[in-house]
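Q: Below: one structure in structure tokens.
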Amino acid sequence: MDGVVDHLADERNKAQFDVEEMKIVWAGSRHVFELSDRIARLVASDPVFRKDNRATLSRKDLFKNTLRKAAHAWKRIIELRLSEEEASKLRFYVDEAAFTDLHWGMFVPAIKGQATEEQQQKWLPLAYKMQIIGCYAQTELGHGSNVQGLETTATFDPQTDEFDIHSPTLTSSKWWPGGLGKVSTHAVVYARLITDGQEHGVHGFIVQLRSLDDHLPLPGITIGDIGMKFGNGAYNTMDNGVTRNGKCVRSNVPRQLIYGTMVFVRQTIVSDASCALSRAVCIATRYSAVRRQFGSQNGGVETQVIDYKTQQNRLFPLLAAAYAFRFVGEWLKWLYTDVTQRLQANDFSTLPEAHACTAGLKSLTTTFTADAIEECRKLCGGHGYLCSSGLPELFAVYVPACTYEGDNVVLLLQVARFLMKTVSQLGSEKKPVGTTAYMGRVEHLMQCRCSVQKAEDWLNPNTILEAFEARTARMSVAVAQKLAQFANPEEGFLELSPNLVEASVAHCQLIVVSKFIEKLQQDIPGKGVKELLGMLCNIYALNILHKHLGDFLSTGSITPKQGSLANDQLRSLYSQVRPNAIALVDAFNYTDHYLGSVLGRYDGNVYPKLYEEAWKDPLNDSVVPDGYHEYIRPLLKNQLRNARL
Ligand SMILES: CCCCCCCCCC/C=C\CCCCCCCCCC(=O)SCCNC(=O)CCNC(=O)[C@H](O)C(C)(C)COP(=O)(O)OP(=O)(O)OC[C@H]1O[C@@H](n2cnc3c(N)ncnc32)[C@H](O)[C@@H]1OP(=O)(O)O
Ligand SMILES: Cc1cc2nc3c(=O)[nH]c(=O)nc-3n(C[C@H](O)[C@H](O)[C@H](O)COP(=O)(O)OP(=O)(O)OC[C@H]3O[C@@H](n4cnc5c(N)ncnc54)[C@H](O)[C@@H]3O)c2cc1C
């Protein structure tokens with residue numbers, strides 16, 4: 001900020017906590033903070049990684065530019081001998097969806113998780129050096145959610161010792177895989193295994209798609225891009241493919257491990273939600289402090305829009321959720337590491353919980369984040385609709401997260417199956433553990449009464465936790481009782497699916513709240529840091545309570561009076577967070593390059609920069625627009641003639 005006026009300096013001076021320490025908490029450790037900071041600056045200072053022109057590039061130019069960036073990123077990774085952690089941060093700050101995401105994020109993990117030792121030795125060295133580029137080809141035109149419904153077959157031919165991979169119908173064409181359309185040379189293709197005329201379910205097969213010499217598809221393979229997607233620029237940097245194909249090499253692993261790649265990716269998507277959410281919140285918070293409307297007294301300055309209680313009521317719960325998702329993401333990473341170690345020792349016991357947690361939290365955090373980005377756009381008024389605000393593109397890139405890697409409703413129904421199984425086993429030998437341990441106290445939770453008598457009582461974490469546990473336990477038991485009335489359980493499950501989804505959401509919200517509370521029990525250094533996090537935790541929980549008041553009241557977990565007191569407490573928390581709002585988003589430590597937003601600039605110098613940006617639009621290359629002589633001038637002349645008549 002040397003020599004630059006900081007329009008947000010007054011806001012920064014108001015902070016009541018140590019921002020530098022909060023940056024460490026947000027990053028996860030001092031090591032990660034320093035590494036991220038270094039790589040973010042490296043990316044921001046490299047002209048190849050410029051991204052402010054994405055909205056105006058044609059699809060072909062956009063795609064070619066992405067190829068250029070990916071190649072340049074790889075070159076820098078090799079030249080600078082970056083570690084895996086550094087390379088992954090570099091990808092994060094480059095901030096452009098590309099085929100490399102699927103290569104590193106799904107193809108490599110699928111081979112690591114599902115291939116035999118021999119196959120790993122063959123394929124991984126090639127993939128690590130990017131001598132082959134891979135994608136994850138599961139979804140077909142006709143089936144995505146229903147993996148067991150995939151039609152592509154892999155028939156073993158003992159004569160040639162080969163598998164014949166066949167897409168017999170239009171609907172069995174692989175459709176959507178990222179990177180497949182134009183780049184990938186190889187794919188992990190999911191197909192129904194057939195040997196000796198017998199079917200053995202869906203398995204993954206490594207298939208070569210394109211020649212490594214001239215990039216042409218191999219014989220028998222038809223391949224291309226599926227077409228433009230939502231939003232200009234946005235996810236259109238990615239080629240999503242369609243293919244119908246040929247022959248391959250096999251793998252043969254237990255079904256649970258085939259699912260392992262999805263568990264891994266869903267876990268990364270939860271961490272990613274806190275990044276996208278914090279980015280939108282950073283933009284909306286800084287702009288809300290810069291923007292003034294109404295309230296001028298005696299010719300004085302107008303009110304900063306961030307001081308309106310309605311603005312705080314919409315914005316601060318999103319800020320709180322960004323921190324909440326950060327911490328639940330950290331915990332989920334730990335859970336995933338733990339389950340992976342167990343699987344390696346052939347212990348499958350914690351896989352159902354890991355599946356339920358990754359599926360449920362992927363659903364909860366992505367739905368919330370997509371809605372929140374749109375809310376942040378509205379919080380920025382008209383300027384939020386400009387591409388230069390960074391919010392339209394962020395929304396367009398982010399929103400498919402609600403669908404890919406499992407449709408969010410389909411995933412909540414998986415959580416519901418897990419919850420119903422847990423309820424059905426209550427009272428048996430099998431005690432609920434981990435995230436369902438609270439069900440072990442179901443008798444107490446079914447009849448306990450919330451003790452809140454005044455607004456401040458809602459600041460007690462045990463009070464919050466018990467209200468959330470009672471709500472979830474009561475909703476789960478109620479729907480389980482209804483299910484028991486159906487002669488056919490599967491029919492009952494379909495009929496009651498809306499209630500089941502609501503119980504799953506309640507369970508997932510409870511997980512997020514409880515992990516935030518657990519985080520606060522750790523030693524957190526830095527003046528005021530823990531206090532501010534405590535406020536955010538309370539805002540996150542009480543805002544959910546307010547938004548889902550119907551659940552809490554109808555289950556009798558709290559009274560209407562207690563609901564109203566929670567709201568009073570929320571308002572008071574907003575006032576306490578207000579002076580810290582800018583510092584809380586500064587703690588994300590985002591560079592202006594990464595934010596990609598005129599409204600979210602660190603220095604708050606919004607208006608001159610908005611004006612400058614507007615002049616950069618290609619429409620402003622000429623004063624008189626192309627088309628004037630063909631379309632405007634004749635129109636005006638006609639009007640002139642009409643006017644004379
Ligand atoms: C430049 C260089 C840079 C270098 C560094 C770069 C680093 C970059 C890193 C990038 C990192 C990450 C980026 C990642 C990119 C993300 C982009 C995302 C792209 C999106 C990809 C996709 O979308 S792939 C396709 C995904 N598809 C789905 O998710 C399909 C959804 N459907 C399902 O998952 C399932 O079919 C189902 C869950 C719906 C189950 O259906 P069903 O009811 O039919 O059940 P089943 O019979 O199948 O299941 C029976 C039992 O199995 C249990 N089950 C189900 N799923 C799982 C699971 N995943 N894990 C464990 N167990 C599972 C189920 O519960 C049943 O159990 P029981 O009840 O006990 O029998
Ligand atoms: C940007 C993007 C990238 C992708 N990348 C890849 C990739 O790299 N590789 C890959 O293999 N795939 C990829 N996909 C595909 C993606 O995984 C699927 O689209 C996703 O799993 C959803 O499946 P679907 O499209 O079949 O939705 P559908 O299942 O057809 O969903 C349609 C509607 O039906 C509802 N529905 C479906 N089943 C049920 C049910 N049992 N109960 C109640 N409601 C139900 C859903 O909630 C939804 O509202 C990608 C998709 C997108 C958008």
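Positions of Cβ are set from backbone N, Cα and C atoms, glycine also.
Sharing the feature lines straight out of TrEMBL:
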- 18-133: domain 'Acyl-coenzyme A oxidase N-terminal' (DOMAIN)
- THR139, GLY178: FAD binding site (BINDING)
- 259-420: domain 'Acyl-CoA oxidase C-alpha1' (DOMAIN)
- GLU405: active site, proton acceptor (ACT_SITE)
- 460-637: domain 'Acyl-CoA oxidase C-terminal' (DOMAIN)
Q: Can you tell which of THR139, GLY178, GLU405 has the least company, meaning the fewest other C-beta atoms within 10 angstroms of its C-beta, among these recorded positions?
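A: Across THR139, GLY178, GLU405, these recorded positions, the one with fewest Cβ atoms within 10 Å is THR139.
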Q: For GLU405 (active site, proton acceptor), just give me the three-state DSSP call.
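A: Where GLU405 (active site, proton acceptor) sits, the three-state DSSP reduction gives coil.
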Q: I'm checking region-level scores; what's the whole-number mean pLDDT for the domain 'Acyl-CoA oxidase C-terminal' (460-637)?
A: 97
Q: Between the Cα atoms of GLY178 (FAD binding site) and the residue listed as 'active site, proton acceptor', find the distance and write it as a whole number of Å.
A: 12
Q: Would you mind reading off the Cα separation of the residue listed as 'active site, proton acceptor' from THR139 (FAD binding site), to the nearest angstrom?
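A: Distance between the two Cα atoms comes out at 10 Å.
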Q: Could you put numbers on the helix, strand and coil content of the domain 'Acyl-coenzyme A oxidase N-terminal' (18-133), residue by residue per DSSP?
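A: DSSP composition of the domain 'Acyl-coenzyme A oxidase N-terminal' (18-133): 90 helix, 0 strand, 26 coil.
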